[in-house]
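> Here it is: the structure, laid out below.
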Amino acid sequence: MANSKYIERKDDQELIKVVLFCGSAGAINVLERFVKDINQVPKVAIVVVLHRKTSMQDHLVNYLGSMVHMKVEAIEHGIHLEKGAIYVAPAGYHCILEKDMTLSLDLSEKVMFSRPSADVSLESFSYNLEDKLIAIIVSGANADGAEGAKWVNKRNGKVIVQSPAEAFAKAMPGAVIEAVEQVDHIVPAHEIYKTAAKYF
């Protein structure tokens with residue numbers, strides 16, 4: 001998956017911290033809890049990459065927006081990341097972070113039968129953010145995210161995984177734990193936000 005367009009990165013002073021929330025089957029309930037736990041607008045951008053049906057796009061954006069006092073919007077090609085906002089990746093497109101902190105939507109082949117793919121997003125975000133990336137991987141029914149999480153770990157980002165014991169679908173968080181030499185945190189859903197917030 002490595003691509004040369006990811007290698008050059010902005011100066012540290014031009015980067016913001018980003019939370020990349022990835023999941024699949026069973027992830028909506030975990031995301032809901034995560035958003036409800038936001039008690040003040042965080043000084044990070046939050047990007048949501050979930051496997052889901054195209055018909056769910058507007059519903060999810062509106063639903064999240066009803067739960068939190070911060071901007072929630074669907075990702076469009078070329079959108080620029082800003083602190084204090086939640087960005088939701090559309091179904092059917094890979095979500096890639098470019099070196100200028102804009103997001104690209106990509107129609108290349110599916111990865112792990114998925115588009116958007118957590119692996120694709122995790123790799124591109126880790127290239128450009130390095131230690132400013134906080135990756136969260138939760139419930140999901142395949143191993144998407146395991147390879148990407150290794151890139152995050154290698155580039156000194158943080159990897160937070162939902163405890164497989166309580167996940168609706170254990171495969172995705174379990175695969176990350178198995179693949180990554182040192183996962184930073186393995187926590188239940190109700191502790192994910194406060195764990196991530198330690199790094200804001």
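Sequential numbering from 1, following the chain as shown.
Glycine too: its Cβ is placed from the backbone N, Cα and C atoms.
Feature table excerpt (TrEMBL):
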{"type": "DOMAIN", "residues": "17-179", "note": "domain 'CheB-type methylesterase'"}
{"type": "ACT_SITE", "residues": "Ser24", "note": "active site"}
{"type": "ACT_SITE", "residues": "His51", "note": "active site"}
{"type": "ACT_SITE", "residues": "Asp144", "note": "active site"}
> Taking only same-chain residues 6+ apart in sequence, whose CB is under 8 Å from that of Asp144 (active site), what do you get?
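The answer is Cys22, Ser24, His51, Val111, Met112, Ser114, Ser117, Ala118, Asp119, Met172.
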> Near the Cβ of Ser24 (active site), how many other Cβ atoms are there if near means within 10 Å?
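Neighbour count, Cβ to Cβ under the 10 Å cut-off: 25.
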> Helix, strand or coil: which one is His51 (active site) in, per DSSP?
coil
> Which whole-number mean pLDDT does the model give the domain 'CheB-type methylesterase' (17-179)?
96
> Around His51 (active site), how many other CB atoms lie within 10 A of its CB?
22
